[in-house]
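I have placed the structure first, in the form of structure tokens, so that the comments after it can refer back to it.
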Amino acid sequence: MSEQPIVSAKNIRKTYGKKDEKKYEALKGVNFEIQPGEFVGIMGASGSGKTTLLNILTTLDQPTEGQVEINGKNISELSGNAVADFRANEIGFIFQDFNLLENLTNRENIALPASLQNVSTAKIAPQIEQLAAQLSITDLLDKYPTEISGGQKQRVAAARALINQPAILFGDEPTGALDSASTTDLLELLTDINQQQNVPILMVTHDPLSASYCQRILFIQDGQIGQELQRNGQTHQQFYQEIIEKLGAFQSQEGK
Amino acid sequence: MLRKLAFTGIKSRIRDYLVLFTGLVISSAVFYMFEAIATNPEFLKSSTNGMSLVSFIFQTGSVLLTLISLVYIFYANSFLLSMRQHDYGMFLVLGARPKKIGSLILAETLVIGLISSVIGIVIGVGLTGTLGGYLMELVLQDKLAHFQSLYLPAVFITLVLYMVLFIIAGLLNRRKLIKTPVLALLKGEREPNRPRLKPISAAIQIILGLGLLASGYFAMAKLTKLREIGIFFALVVIVLGSYFLFNAVFVGAVILLKKTKWAGRGLNNFTLSQLSFRIRNYTKILATVSLLFALALGAITVGMGFGKKTEMFSQGASAYTMALRDPSAAVKKQVKALDLEQQASYTQKKVKNTLYFEKEEFDQNPLQDVPDNWFDRAAHGKVQKISFQKLNGSQLQKNPGALYSIAQENFDQEIKLVSTSKFNALQAPRQEFYLFRVKDIQKAQPQLEKIVRTLYPKKHQQMRTMIPGGYASYLQAKQMFGGFEFMGFFLGIAFLAMLASCLMFKILSGANSDRQRYEMLNKLGVRPRVLRQSISREIMTLYALPGVLGIAHVLFGLQMFKPLLITPYQGIWLPFTIFIILYLLYFWVTVKLYEHIVLPKVEINR
């Protein structure tokens, strides 16, 4: 592909521990790119560095070494307000534990990123209605997050992530707290968003079913990208089988 | 095993416990400080000249402070429970018996209560000694009789009251813990309380609140007629009025603001939601804080008012600080060393019971005197600094009244001004009549005391209030009003400490559950400055509301002191300014502490 990649990570290293302390290297030089419109999954065992990588990609943490470009911007050069604005405008976030503000109604939660950019409530209202219709949460808009189910919460969170039309959507185990029916619902929803609105998605997960909805999967192992799987037009059931086999191979490898 | 687990639970949240503990310690320390005065009848009698109403004011004050402590302890307790309920819920899930958990929480509440009350009393005794001693030195340059920092009845009352309150609180905690379903304990208080605007009920509450406050204010203004009943009535209706007003106005204002366009901008909606989220919780504490605010500011204002009155009395009593007869060279040397504003020397002769002065001396050097209408005008707040009128020989010859007040040695002595020739013809020894005025009596007090000692080495204690002039009046005024002034400052500072701990504690105890929200906002890309702005706006509202109501309480409450202070409103800008600056300081500290707790660290490090 000749287009400029949405995400480009070059030689990212992250070392924890201060001077004179025992150091721990969480990321040991990670390189990858994500092209516009891709739906990419990152898989790995716990402690493999998934979360660290995601924190760096979303500007919540800084790499010790290396550089990340998102939508053409070198994010390690941003500072102060620019970081906050970058998060608000360029990326959307879906978390495992939803992270909705329980003191705001769902509608207010969705509107929040827009009102942070001083977009007026009146202007944003039709957009919220449209997103809500698309995500089937119209009836829930005036309820509080504590009054709806986990699956519904995650739809609200998705709406909030999309309201500012981000360049890329990040998911941190978005299905981790959902039952299987809600998981399938959400994954189909994400696929729709990805295909119809052409929003690239990068999702960290350890769940093979979730991963099987992606087009490409990066396996992270001991702080490095170990393997890569391409879906190449397989149905997600076929892809699911391939992922399971791959994981099995990993596990037996690690068991040796 | 459970005990050990419970203890590790405490250790892991040591900071929250410190906040809780500090709040309780300050509360019991302040309660003790108040009781050390209120329960000491000898001290009250001797420092307020036996006014019966004063001891009643203090009894009512005790009731009010007990109410405030009650709200405080119950609130602190629900904070304690909210910290522990997750742990205890977990123990229940693991199979602990509810009864066991119940007795554990009861024991924990009692232990925390006992330790904090004991430490509070020890600190209270220390503060009463140091602060009391310092203020007495500052205000009176003297010790007040019967003032005791360690006063056993006060220790007893504080300890008993606090233990009773904690036992009740502990039993309530136990009941609540046993009755609440395990799942609810584990989930914690996530339920939003949806504030709804009920216009009719709000209107009724506003009218009721205003009506109660108005009748309370009216009762305070008519205290001379209503006496004890008036004080008690005012206390009850003002407490209730404050509560209703906060409940209706606060809830209503937040809901109405949420509907405006302004709410849609930036974090405004979030800030309003933060306020409305725990609105019911806040109304009680805000009403309490407005009362504490009024008590603290009122006490300091009244204290300063009495200080002013002392000044007015000594200033208006005489144009001269002391009038001396034939002072020795040593005394004159001491006088010359003072910071003098005015001095005069006249000649007198005493024949039988008549005192003669030379008219020409007063023509050359007129006698200064307090203007006749000065007290009247000062009482109406028209003059701040006195300007003395000058009386020459002819004026004094016609009316020697001004000389009577300063030169007369006994009641039936006559005073006459005569011409130089007549004066010279009198067969009596010449005496010097020496007058001086210092710039500031209070500052000069130590030297003035020394002069009295040189004049009357043996009987100086008796004579200091007998020497004609302003100094004696100053000492008398100090004796009359100094006790009030002292108590005003002492209690004002104590209430201020309690106010601060109350409000700070309330706000900081909610900070932990807010942490997640601010972290979330940070992830959503809210600029750090906007986060800070939201925090300071939220806290500013919580500080401003009780402040405004508290000021209203004080402005109307000062009516109570009209019989004692004559002009209670004169110069109130000074205590108000000092107080508001202190209050703003508390606000600032609270904001900083809150930011420290809730703002995500990563952003700040950048």
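The count begins at 1 with the first shown residue.
Note: Cβ is positioned from N, Cα and C throughout, glycine not excepted.
Database features (TrEMBL):
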TRANSMEM  B:16-34  transmembrane segment
TRANSMEM  B:54-75  transmembrane segment
DOMAIN    B:62-181  domain 'ABC3 transporter permease C-terminal'
TRANSMEM  B:104-130  transmembrane segment
TRANSMEM  B:150-172  transmembrane segment
TRANSMEM  B:200-219  transmembrane segment
TRANSMEM  B:231-257  transmembrane segment
TRANSMEM  B:285-306  transmembrane segment
TRANSMEM  B:486-508  transmembrane segment
TRANSMEM  B:539-560  transmembrane segment
TRANSMEM  B:572-591  transmembrane segment
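Each of B:16-34, B:54-75, B:104-130, B:150-172, B:572-591 was scored by its Cβ pairs under 8 Å to the transmembrane segment (B:231-257), and the highest score goes to B:54-75.
Same-chain residues lying 6 or more positions outside the transmembrane segment (B:486-508) and placing a CB less than 8 Å from one of its CB atoms are 19-20, 22-23, 26-27, 29-30, 33-34, 37, 47, 68, 72, 75-76, 127, 131-132, 135-136, 139-140, 144, 282, 285, 288-289, 292-293, 295-306, 539, 542-543, 546, 579, 582, 586, 589-590, 593-594, 597. Against the transmembrane segment (B:200-219), the recorded stretches B:16-34, B:54-75, B:104-130, B:285-306, B:539-560 differ in Cβ pairs under 8 Å, and the greatest number is found for B:539-560. Same-chain residues lying 6+ beyond the ends of the transmembrane segment (B:285-306) with a Cβ under 8 Å from its Cβ atoms: 61, 64, 68, 71-72, 75, 238-239, 242-243, 245-246, 250, 481-482, 484-489, 491-493, 495-496, 498-499, 502-503, 506, 542, 545-547, 549-551, 553-554, 557-558, 561, 564-565, 567-568, 570-572, 574-576, 578-579, 583.
Mean pLDDT for the domain 'ABC3 transporter permease C-terminal' (B:62-181) in the predicted structure: 84.
According to DSSP, the secondary structure content of the domain 'ABC3 transporter permease C-terminal' (B:62-181) in residues is 103 helix, 0 strand, 17 coil.
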